[in-house]
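Enquirer: Pulled these from TrEMBL:
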{"type": "BINDING", "residues": "Lys8, Thr9, Asn10, Leu11, Arg12, Arg141, Leu142, Gly143, Arg144, Gly145, Lys146, Gly147, Tyr148, Tyr149", "note": "ATP binding site"}
{"type": "BINDING", "residues": "Leu54, Glu59", "note": "substrate binding site"}
Amino acid sequence: MELVKSAKTNLRVNLKKKLSLMTASEISEQSKIITNKLISHPVYKSSNRVSIYLSMDSEVQTHSIVKNIFLSGKICFIPKYNTSEMCMVKIRSFDEVNSLPKTKWNISQPADDDVREDALTTGGLDLMIVPGLGFTTDGKRLGRGKGYYDRCIAEYEKKYPLNNMKTIGLAFSEQICDDIPINQHDSLIDFIICP
């Protein structure tokens, strides 16, 4: 267990370093390719209830994906974090994204007193698009170490086993790893999309 933990810590340091060396134009170019691959992916095309993270500067940019979710008539959910858990809450329009307040981690999400539909209590999701620091092509994922997505995915799969929710990870070429150490709490991602 400790070996896995320290291996993950070292890998996070290396991946953060790689990401910090990417230029804004590299991030933009790779994000465009990834977005086009995602919106033509059969799982994305057939899904109706989709959750998507709102990207930070060093992540695959998701603004165009959010826009496409609404243009495609899908229902859009975004993560809302508190100190110990994350839920997926509904947003009503693309314009609404720009008006959301930011957390101390600089992540846009509805304010605590802004009560919204939570996908876990209203029917689950068809597709969860997940961020990560690193991925392997066979679905292993390295997050930022808080376990939000692993717990969230496990909860959805337990509550809606028949939904067959799919997960897709979005990754820059720099984020693809030969291997990632995992333990029993780590969820495998169904599909990884990279340039």
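Glycine too: its Cβ is placed from the backbone N, Cα and C atoms.
No curator has checked TrEMBL annotations; they are predicted automatically.
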Enquirer: What residues, ordered by sequence, lie under 8 A Cβ-to-Cβ from Arg12 (ATP binding site) and sit at least six positions away in the same chain?
Expert: Leu133, Gly134, Leu142, Arg144, Gly145
Enquirer: Which of these binding-site residues is closest to Leu54 (substrate binding site) if you go by CA atoms: Lys8, Asn10, Lys146, Tyr148?
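Expert: Sorting the binding-site residues by distance from Leu54 (substrate binding site), the top entry is Tyr148.
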Enquirer: Relative to the Cβ position of Tyr148 (ATP binding site), how many further Cβ atoms are located within 10 Å?
Expert: 18
Enquirer: Could you measure the widest C-alpha to C-alpha distance across Lys8, Thr9, Asn10, Leu11, Arg12, Arg141, Leu142, Gly143, Arg144, Gly145, Lys146, Gly147, Tyr148, Tyr149, the residues recorded as binding ATP, and give it to a whole number of angstrom?
Expert: 20
Enquirer: Name the residues of the same chain, 6+ apart in sequence, whose Cβ is under 8 Å from the Cβ of Glu59 (substrate binding site)?
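Expert: Tyr53, Pro131, Leu170 - these are the non-local Cβ neighbours of Glu59 (substrate binding site), listed in sequence order.
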Enquirer: Near Lys8 (ATP binding site), which residues of its chain come within a Cβ-Cβ distance under 8 Å, counting only those 6 or more away in sequence?
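Expert: Result: Leu142, Gly145, Ile180, Pro181.
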